[in-house]
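Trainee: Okay, these came from Swiss-Prot:
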ACT_SITE  E80  active site
ACT_SITE  D108  active site
SITE      R195  site 'Important for efficient shutoff activity and nuclear localization'
SITE      K198  site 'Important for efficient shutoff activity and nuclear localization'
SITE      R199  site 'Important for efficient shutoff activity and nuclear localization'
SITE      K202  site 'Important for efficient shutoff activity'
SITE      K203  site 'Important for efficient shutoff activity'
SITE      K206  site 'Important for efficient shutoff activity'
Amino acid sequence: MEDFVRQCFNPMIVELAEKAMKEYGEDPKIETNKFAAICTHLEVCFMYSDFHFINELGESVIIESGDPNALLKHRFEIIEGRDRTMAWTVVNSICNTTRAEKPKFLPDLYDYKENRFVEIGVTRREVHIYYLEKANKIKSEKTHIHIFSFTGEEMATKADYTLDEESRARIKTRLFTIRQEMASRGLWDSFVSPREAKRQLKKDLKSQGQCAGLPITVSHRTSPALKILEPMWMDSNRTAALRASFLKCQKK
């Protein structure tokens with residue numbers, strides 16, 4: 001799973017996921033399913049935000065990479081991916097500026113068009129079950145919830161899906177591709193099932209030589225589809241800006 005994650009996701013996303021796990025004392029090399037889940041969630045948050053801007057009239061517009069008007073204000077502020085101290089600093093700044101109600105839990109995004117915080121969910125289960133879990137945890141009507149699944153389903157607060165259909169389809173397609181690639185490498189079942197995940201973890205530990213004396217065959221084949229999985233959705237200029245913004249505060 002770790003090899004898959006490093007080949008499948010943008011290096012910046014992998015780096016942010018590693019830092020997030022280490023912040024909580026977790027090891028990406030051991031808890032590989034969580035590593036994959038965090039990378040997937042980060043990517044969906046970035047895709048949710050990318051190419052969405054607010055023009056001088058306060059209207060939401062979609063501008064593709066390379067457009068000369070790309071200096072317009074981004075519609076979404078990305079909170080997910082920052083260390084907790086910086087994330088809360090951003091949230092407090094937004095609340096002071098917009099007078100939005102401060103959330104009890106760190107949200108993933110802030111939508112400047114709708115003036116609300118957004119919680120993004122990516123689930124391997126039924127969307128309505130995960131939605132209810134999120135809503136029960138947050139307990140706030142002020143935070144908008146949007147759930148995506150690997151099967152193409154989605155659910156959002158008051159059926160308000162925020163983004164246009166094409167932008168949401170892009171996210172759903174990416175999630176479906178990740179699922180298909182995991183399945184082709186025999187990783188999907190362990191990603192979905194906790195019991196299967198434990199079995200896969202034991203297998204991974206053996207392959208790393210931590211269970212010496214137990215024979216195991218490890219496949220090093222790389223799926224051809226992985227060669228075209230490098231995400232092309234992210235504005236290269238914004239990628240650099242996001243990297244600098246997210247990582248500079250973590251340097252010691």
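Quick reminder: no glycine exception, Cβ is built from N, Cα and C everywhere.
Where in this structure would I find these features, and how exposed are they?
Mentor: Of all the Cβ atoms in the protein chains shown, 23 others lie within 10 Å of the Cβ of E80 (active site).
For D108 (active site), the same-chain residues that are 6 or more apart in sequence and have a Cβ closer than 8 Å to its Cβ are H41, C45, I78, I79, E80, V118, E119, I120. DSSP classifies D108 (active site) as coil under the three-state reduction.
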